[in-house]
Amino acid sequence: MIIDGKALASDIEAEVRERVERLGFNPGLATILVGENPASQMYIRIKHAACERVGIRSENIVLPGDTDESTLIKTIQGLNKRGDVHAILLQLPLPGHLDPRKAMMAISPEKDADGFHPENMGALLLGAERLVPCTPRGIVYALEHLGVDIEGSEAVIVGHSNVVGKPLAAMLLNRNATVQVCHVYTRNLKEHTKDAEILVVAAGVPRLIKADMVRDGAYVFDVGINKVDGKTVGDVDFDAVKEKAAGITPVPGGVGPLTVAMLLSQTVTAAEMSLERQRS
């Protein structure tokens, strides 16, 4: 089975529209883009188009590529103070002279659309999933939507980034999976992946995972986005692995749409949290 990320994202968007209607106002998302990275510009356009579909107000703040750290942090602090901005997203990567960790920590935890703030990451490790990284949230949503029994399952994640691997491991542990986290330095990677019932690959290595590394009937989520001979491919050898997997996400059209849809969901969550604070 091909796991259709676009179809699942459409379901999430429908849920988000209903939540916006119940709120009674349009939540606000502010994105910050530093420089003119073409890929980042494309991702920003995709996110803002998605906001428009579900009734989220969005604005994009573009700063020059030579913006200094002080200016970036002041821009973030200004958005933190605005009542009409419920969620803030800092588009990565930043230019090399800027420290993404300092910038992320400047975002108010209550407005952290990406779920990268240490306070939100810490809450996740303690089992409280309020604002969490969007890609892991999308993967867990897909597993639950497909009726996969996460509890007690053998889950292997290839990739240990703060964006995908580490937070996803915490989310799966919160659901009582048995989780292994591997990476490109793991020795004998096949020995770890071949028994996985849930396999998530976010290593940034084109077609790293071959068919003989995958268990029959596994659910495989390919987070990789790589360019090979002018084509976009994932970290999984899709054509070979799809013959063995119970479900597999394609690249493109798999995890990417889920990630964007979860950004919308988290923006509404941030607005709901803001409303609760006002009422308490």
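Just so you know, glycine gets a Cβ as well, placed from its N, Cα and C.
What you see is a predicted model, and the numbers here were worked out from it, not measured in a lab.
Record features, source Swiss-Prot:
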| type | residues | note |
| --- | --- | --- |
| BINDING | Gly159, His160, Ser161, Ile225 | NADP(+) binding site |
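Sequence features, as recorded in Swiss-Prot, placed on the structure.
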{"residue": "Gly159", "record": "NADP(+) binding site", "CB count, 10 Å": "23"}
{"residue": "His160", "record": "NADP(+) binding site", "CB count, 10 Å": "18"}
{"residue": "Ser161", "record": "NADP(+) binding site", "CB count, 10 Å": "17"}
{"residue": "Ile225", "record": "NADP(+) binding site", "CB count, 10 Å": "17"}
